Amino acid sequence: MRVTSEYDHSYRTAGKGEVDDLSKLEFLDEQALINELYVRYKNGQIYFKFCEELNLSLIQYRQKNDIKNREIQEGLNIKNRFRSSSTYIGDVLIAVNPFKQLNIYEKEQHKAYSKVRFRSLLTPHVFWVADAAYQRMLFHKATQCIAVSGESGAGKTESTKLMIQHIIYLCKSDFDKELQKKIVDVNTLLEAFGNAQTCMNSNSSRFGKFVQIIFSDEGQILGAKVYDYLLEKSRVVNHGPGERNYHIFYYMFSGLEKEELDYYYLDSLENFRILGTSAGCKAYLTKSEIKYCKMMFQAQKDIMKRVGFLDEDITLIFTILAAVLHLTNISFCQDEETDGVYIDDEYPLEVVSNLLCLDQEILATALISSSNVTKGEKVVSLKNKDQANDGRDALAKALYERLFGWIVHQINELLQPNSALGEKLDLLPSIGILDMSGFENFSLNSFEQLCINAANEHLQFYFNEHIFLQEEEEYFNEGIPFDIVDFQNNEDLIEVFMGPLGLFALLDEESKFPRASDSSLVEKFYSHWKNSDRYVRSRATDLTFGINHYAGRVIYNAKGFLEKNRDNLSQNIIECLKNSNIEVVSELFSVERTESGSISRSATAFIAKPYLPSRPKSNDLRRQRDSFLQKRTKSIKKRIQTLKTNTIQKDKLNQVTVTCHFRNSLAELLDKMKDAEPFFVRDNFKILAEQLSLETTEYSTKIFKQKQNL
Ligand SMILES: Nc1ncnc2c1ncn2[C@@H]1O[C@H](COP(=O)(O)OP(=O)(O)OP(=O)(O)O)[C@@H](O)[C@H]1O
């Protein structure tokens, strides 16, 4: 189904609001559908019947295929039972975000959706998907996977949590109530560290998660494992206007007591670059936000304790978060004498060194210079201001990303099934639920959106493969006559992104050239993909380009692509962190990461228990502030004055890129899903009546775009 922006609202002849069932429309095209909806809205019928609107897709899909008409009726029968915000298309559940609490997730529904034998007797519901996966898992003793997809803000995370709750209900076991509660709780904890406010969703997941619940053959929960993917680490240092950094920072400022704030050298939120107005944030939280964040802070602490984190673990987490805040406050000044930079105000540097137990001089040197070993000789090069800023931000991102990985790792240690099961563990049945960051199209789309949207293309392809291609293959193999279903095959887009000459390969290649620029990258994209219908050359600036995604056209701005991809964490910074006197911090920078860049799944175990040596009190440090200001910088300047500036940083260009980790982690995820029996949940925005009344085509087009993508 397609709606173009050229839709003519004056054309109101096909749908006149005269049919009770949209399938009875004489002409079933977009204009007729919009007219019909418009008339219904005018008649005050639309709000409680918004599911019918979604069923338009269902009808059209089924009309094309004319396979199981009973299922169409199933979808349309909703109004007589629980008022629901979902429907089915074949085996796909379409859930509509109601944006308000509906009482359809109560005990009554948990009970009703247990061991469902005839789906048609009940209203479509996410609980049905959980129940079907659980029943099938018990019956087949095989791994099940529920892929939840949809645009950002469509309700994937909420659907995921509801399904986990229902699966736990279905176990009906007092076997390990504590464990069951922990599995529910860790979602809230991960949201605090991995979710943030964006323009599309105030609680947007900035990472993908695959939660695998592991069962005994009898269906009792034995444990769980969380796989984290593609945390948007760039958000730690930079984010769009009107957006925010990760929730946990705001929770900390609202929830920590005065003396605790002092312990982490924290004062006011506005004083930190990555949270203040300069980062495009509101500089303060409203009273109700403070109240909410305070409550959430306490909730996180309670969950961490319940899940099994030690007090020392919790202190370490806040210590690293505080270090990230102070680190990003370090600024650099151009030094005319050396062509390098010096640190403007050493207070944040001193604080970071104290918090992470680092040698301050070594840290300062690592921040303003980079060192390589060439032919057995150590070559130190001074960084210019941009390089120093990038290096500092790269460290802040690495600290946050590795902390996040460590938290996931700890969660997995605490939720893992009894290790006495040994090798049998891998053979146990499980249900995995995938909740990836949804498709994004902002006013400004950067490298992060390119990665998220490419991942969504893969999920869409996985969906197409199972729903259409495999079904066709089955019909073919069994000799059942069928018409080829016309669906939007996005296989070519997979090639555009991931092929040997795909955008990510080109980006990686360009990242290896020291003289390459974002502009030369876009030229490269163009020269390889100019003949593809999927690639759009934008004339706005030389840094923009467009991709015709399955979900619509997105215009990307390549500014910063190369830098973001190179992930400029120089070797001397890594060495400095490895020498931290806090063993866990040292391990965070020593453990071998997997090919997908993951710390949580690293084969090298974290063995150290957090131990934090005592450190100077915040007031003492502030008192000293004036005396050490500039003092140490001068000594560092002196030391490096004799060194030659060498702007080409070899270690930077040889490093594994973000793209490389991204591709590997996507491959890892798809591999995991490949062997599972899949279910699909498609989340969608709610169709608001007011929005339907818009005379502009914008919102209608958006709704139909979603339906088109169903
Ligand atoms: N079933 C539901 N009932 C009530 N409110 C809901 C429901 N699903 C979603 N919402 C509301 O919509 C908001 C966005 O939902 P959610 O965070 O699940 O979206 P998402 O698809 O996971 O987005 P993203 O891709 O940005 O992470 C929620 O914070 C909540 O306010």
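Glycine is treated like the rest: Cβ placed from N, Cα and C.
Just so you know, TrEMBL annotations are computer predictions that nobody has curated.
Per TrEMBL, the features are as follows:
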type: BINDING; residues: Gly150, Glu151, Ser152, Gly153, Ala154, Gly155, Lys156, Thr157; note: ATP binding site
type: DOMAIN; residues: 17-710; note: domain 'Myosin motor'
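Of the listed binding-site residues, namely Gly150, Glu151, Gly153, Gly155, Thr157, the sparsest Cβ surroundings within 10 Å are found at Gly153.
Listed in sequence order, the residues of the same chain lying 6 or more apart from Lys156 (ATP binding site) and placing their CB within less than 8 Å of its CB are Val148, Ser149, Gly150, Ser205, Asp435, Met436, Gly438, Val681, Asp683. Using a 10 Å radius centred on the Cβ of Ser152 (ATP binding site) and all shown protein chains, the other Cβ atoms total 21.
Note on Ala154 (ATP binding site): other Cβ atoms within 10 Å of its Cβ, all shown chains, come to 24. For the recorded site, Lys156 (ATP binding site), the DSSP three-state label reads helix. Mean predicted confidence for the domain 'Myosin motor' (17-710): the pLDDT average there is 79. In the three-state DSSP scheme, Gly150 (ATP binding site) falls into the coil class.
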